[in-house]
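The block underneath contains the structure these notes are about, expressed in C-alpha cells.
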Amino acid sequence: MKISNNSLGFLPTTFILVGIPGLESEHLWISVPFSLIYIIIFLGNGIILHVIRTDIALHQPMYLFLAMLALAEVRVSASTLPTVLGIFLFGNTEISLEACLFPDVLHPFFIHDGASCAAGHVFGPLYSHLQPTELHSYPDTAQGLWHRSYYRTEKHYAHGSVAHSLMASALLWPQCPLTFLLSAPQSYLSCGNISVNNIYGIFIVTSTFGLDSLLIVISYGLILHTVLGIATGEGRKKALNTCGSHVCAVLAYYVPMIGLSIVHRLGHRVSPLLQAMMANAYLFFPPVVNPIVYSIKTKEIHGAIVRMLLEKRRRV
C-alpha cells in the first residue's frame with residue numbers, strides 16, 4: 001500500500017483487493033464461473049427488458065416496475081464487472097483511493113434503487129386488486145413517485161459528505177478480503193471520527209430498506225386478504241402464483257443483504273472466506289435469480305419469451 005501525505009493527513013493511494021482468501025492461486029479458474037454469472041445476468045435481464053419493451057400487452061404497472069428492477073440489476077452488475085474480472089481474470093488486485101471511494105457512493109445508490117423497485121413492484125398487484133377501476137391512472141402515479149424517490153436518493157448521494165469524511169479520516173487498510181470495498185469495514189478501520197458515517201448509514205438503511213420492508217409486509221397482508229376473498233379456485237391459484245414470484249424476488253434482495261449485515265457485525269469472529277462468499281452472494285444472487293424466477297413463475301413473461309423465441313426460429 002502506498003501512502004501520501006497531504007492536508008487531510010496520511011492517505012493510502014492504493015489498496016489491495018485479495019479476492020477470495022486462500023484461493024489466490026486459483027483466480028484464473030474462478031474467473032470462469034464469475035464470467036458465466038455475468039453472462040446470465042446481462043442476458044437474463046436483457047431478455048426481460050426486451051420482452052417488456054416490445055410486447056404491448058406487458059405495458060402495465062407490474063411489468064413496468066419489473067423492467068425498472070431489471071435495469072437496476074444490470075447497473076449494479078455493470079459497476080462491479082471491471083473490478084471483479086480484473087482481479088480474477090487479469091490479476092489486477094490494486095485499486096486507487098478514488099476508485100475505492102467511488103463504489104461507496106455508486107453501489108448503495110444502485111442497490112437502494114433496485115430494492116425500492118422491488119418494493120414498488122409489490123404495489124402493482126396490490127393497487128390493481130384494491131382499485132381495479134382506477135388502474136389506468138396508476139402508471140402515472142407510480143412513475144411520479146418513483147422519480148421523486150429516485151431524485152431524493154440521488155440528492156443524498158450527490159452531496160458527497162460521506163466520501164469526504166472517509167478521506168478526512170485517513171484510512172489505513174492495506175488489504176481487503178473481498179472483490180470490492182464495503183463502507184462498513186472501511187469505517188471501522190479509519191483513524192478518525194466516523195460518527196457522521198455511522199449516523200448517515202443508519203439513516204439511509206432505515207429510510208430505504210426499513211421502510212420498504214414495512215410497506216412490503218403491509219402490502220402482502222392486504223394482498224393475502226384480497227386473495228382469500230376470491231371465490232373461484234382458479235383465480236385464487238393465479239393470484240397466489242403471482243404473489244409467490246414477488247415474494248421470491250423480494251427475498252432475493254433482502255436475504256443476502258441481511259446476511260451480509262450480520263456477517264459484518266460479527267466480522268472479527270467470522271472467517272474472511274465466509275465474508276467474501278457472503279459479499280459476492282449479496283451482489284450476484286438477486287440479478288441471477290430474479291430473471292429466472294420471473295421467466296418461470298410469471299405466466300405472461302414466460303409466454304412472451306416463448307413467442308419471441310418461436311418468432312426468431314421462424315425467421316431463421
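Each residue, glycine too, has its Cβ placed from N, Cα and C.
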G91 / L274 share membrane side in Swiss-Prot: yes
Positions whose Cβ lies under 8 angstroms from the topological domain 'Cytoplasmic' (297-316), at least six residues beyond its ends: 47-48, 50-52, 54-55, 57-58, 63, 66, 238, 241-242, 244-245, 248
